[in-house]
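Asker: Below is the structure I would like to discuss, written out as structure tokens.
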Amino acid sequence: MPTMASVLEDPTLERHFKGHKDAVTCTDFNPNRKQLASGSVDKSLMIWNLAPKARAFRYVGHQDLITGVQFSPSGHLVATSSKDRTVRLWTPTMKGESTVFKAHTAPVRSVAFSHDGQRLVTASDDKSVKVWSVHRQCFVYSLTQHTNWVRCARFSPDGRLIASCGDDRTVRLWDTSTKHCINCFTDSAESATFVGFNSSGTCIASSGADSSLKIWDLRTNKLIQHYQVHSAGINSFSFHPSNNFLISGSSDSTVKILDLVEGRLIYTLHGHKGAVITVTFSRSGDQFASGGADGQVLMWRTNFDRKSYQDVLQQHSRRSTPDPAPHLTDIHPRTPHLHRQQPSGIQISPAVTDTQSIDPDVIEFGQSVHSTTNDIAAVFISVTKQACMCVKVFVCQRRCSGVTVHRRVDDVCLRVVPGLNGPGREPPSAFPSALRPFFHPIALMGPGVGGRGKKGKKERGREMQMACGGYVGG
């Protein structure tokens, strides 16, 4: 029997990103459509540049796992929340600077910008929701009626409301002008794990550890849809900008795609080994990302949103065998009812790895809070008998630390910055722009540094120590 999904184009795995050393807990697309951010249990923030063969940046500063990440509406800032009880506001540049926000007294579980970019909202295990000023970089006020850990908080598109949920099994709606809780939805069987507004701000959805997903209409304050399509708790979900679709990630290792207009499951995606902890649509909806316990970030091409619903309805009307009758309770006015998993949902398992991904070069930035220290860089090239080149960039501030740029091709590690062939040469285009001014002074140190002169290993090592102002190891 033809299904809704057969009318639409199937989603496809476009790229995968490997660089985290532990589970991926959160993801977000830059509104400029050029970057994807992810946070991890490994305490690092990764910025993946979506251009082919572009470098990825790793930012280190949090003292415990990162729980939430979001780009500002302008795309010039990135906010992260952490189990270390802090929120950081990053400038995702080569300097790797961040500002630390402190007010919570327990792990911070989520962070989100208001749609004008002027405020942040955070949720914490200290049972509070806090609002911060981005411009003044300070705490503004708390919302404190939850009676257990708060898992997630989000602004409405117009900024007038905040939705929050937590382990007290409630979803609360707050008025940002009066700071009062104006509604409380309490029919969760277990902890409420995630909450979010649709793009028009007319509905909110919440997910639970009981594997349920519920959608409320804020104009009537009534539950209008209830899905039970996962076999384990739901960790994250995201509305498509059109409000016609929703994706969810679960501890059952799958990503599910729901058609909210027809009220049915249309796709199940199998790509992760282990729990899927985070899912998010891009701002335009043409892509979505998922991350999980396997440490991978998968980027998918949506595809199924390409056809307009007028085209879909026309194709439906031409079918010889109609679809099953709709739920009577879907006919206006709607009443709360359960949508069971439909067997017509298409199972997608990418058996063949996508061909567009190679593990990108990763440049790591150490902790820097309001740092204005001038970086001093030196480059050392050693050529092994296996013709494997390793470029180490040594960044010296208070102490020297090493950074190795890696590229893996067909399981052979070519640790190289192409085109760096010796002293007196121009720095290659792939060389980080922030380090280009230091290239010539180092390259002109003599042929020993380039690996072509007659100087021994010890002498070349001394030159490297002099270039960095001290011992750099390596």
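Numbering starts at 1 and runs along the chain as it is shown here.
Glycine too: its Cβ is placed from the backbone N, Cα and C atoms.
Note that TrEMBL annotation is computational and uncurated.
On a predicted model such as this, the values are computed, not experimentally measured, just so you know.
Pasting the relevant annotations from TrEMBL:
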REPEAT    17-50  repeat 'WD'
REPEAT    59-90  repeat 'WD'
REPEAT    101-134  repeat 'WD'
REPEAT    143-184  repeat 'WD'
REPEAT    185-226  repeat 'WD'
REPEAT    227-268  repeat 'WD'
REPEAT    269-310  repeat 'WD'
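Help me picture these features in the structure, burial and contacts included.
Answerer: In this model, the repeat 'WD' (17-50) carries an average pLDDT of 96.
Nonlocal intrachain contacts for the repeat 'WD' (59-90), taken as residues 6+ away from its ends with a CB within less than 8 angstroms of a stretch CB, comprise 22, 25-32, 35, 37-47, 96-102, 104-113, 115-117, 120, 122, 124, 132, 134, 137, 364-369.
Counting same-chain residues at least six beyond the ends of the repeat 'WD' (101-134), those with a Cβ under 8 angstroms from any Cβ of the stretch are 64, 67-74, 77, 79-89, 140-144, 146-155, 157-159, 162, 164, 166, 174, 176.
Beyond the repeat 'WD' (143-184), the same-chain residues lying 6 or more positions past its ends with a Cβ under 8 Å from any Cβ of the stretch are 106, 109-110, 112-116, 119, 121-125, 127-131, 190-197, 199-201, 204, 206, 216, 218, 221.
Nonlocal intrachain contacts for the repeat 'WD' (185-226), taken as residues 6+ away from its ends with a CB within less than 8 angstroms of a stretch CB, comprise 151-158, 161, 163-167, 169-173, 232-239, 241-243, 246, 248, 250, 252, 258, 260, 263, 334-339.
Secondary structure of the repeat 'WD' (227-268) per DSSP, as helix, strand and coil residue counts: 0 helix, 25 strand, 17 coil.
Long-range contacts of the repeat 'WD' (269-310) within the same chain, counting only residues at least 6 positions beyond its ends with a Cβ under 8 Å from a Cβ of the stretch, are 5, 7-18, 20-29, 31, 33, 36, 38, 40, 46, 48, 50, 232, 235-242, 244-245, 247-257, 261, 347-350.
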Asker: Checking distant contacts: for the repeat 'WD' (17-50), what same-chain residues at least six beyond its ends satisfy Cβ-Cβ under 8 A?
Answerer: 56-71, 73-75, 78, 80, 82, 90, 92, 274-275, 277-284, 287, 289-299, 357, 359-360, 362
